[in-house]
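Contents: one structure, followed by commentary.
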């Protein structure tokens, strides 16, 4: 059984999570994966570990984790891989990215999830400057 886990960034406002949930519902409607669930990087639940545990408990033998992020960054390159137990980078200096705005990040626990024997975990890239994204940006620019 295959599960798709979409990872959203999360926000103090509901919009971010709601959009990712809507994307998940639309993917579910296409009947490609046995299970489609959402996990949030920060601020909201379910967390990534909660969601991965849920899909494994439901019988998933392959878990495809796909960030619903436009660009690679600290979350997609470090935080999410750490949670998935697949981070291979150097962690010296810890959390050393800086924002030019004042707010405190509320990251969920980044303890790696337990992946049982016999379960395959696959981690995918964020969307990037895909031509389909370009079309959406141009539609928005044209008021569509």
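Any Cβ shown, glycine's included, is placed from N, Cα and C.
Per Swiss-Prot, active site, proton acceptor is recorded for 9, and the stated evidence type is sequence analysis. Using a 10 Å radius centred on the Cβ of residue 9 (active site, proton acceptor) and all shown protein chains, the other Cβ atoms total 18. DSSP gives residue 9 (active site, proton acceptor) a coil state; it is part of no helix or strand.
Sequence annotations record features per position, and here Swiss-Prot assigns Ni(2+) binding site to 9, 75.
The feature Co(2+) binding site is assigned by Swiss-Prot to 9, 75, with sequence analysis given as support.
The Cβ of residue 71 (substrate binding site) has 10 neighbouring Cβ atoms from other residues within 10 Å, across all protein chains displayed. Swiss-Prot lists 45, 70, 71, 72, 73, 74, 75 with the feature substrate binding site, giving sequence analysis as the kind of evidence.
The compositional bias 'Basic residues' annotation in Swiss-Prot covers 95-108.
Feature annotation from Swiss-Prot assigns region 'Disordered' to 89-112.
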Which same-chain residues, if any, lie at least 6 apart from residue 70 (substrate binding site) yet have Cβ under 8 Å of it: 126, 127, 128, 133
Residue 9 (active site, proton acceptor) versus residue 73 (substrate binding site) - Cα distance in angstrom: 11
Cβ packing number for residue 72 (substrate binding site), 10 Å threshold: 13
Integer Å distance between the CA atoms belonging to residue 9 (active site, proton acceptor) and residue 45 (substrate binding site): 11
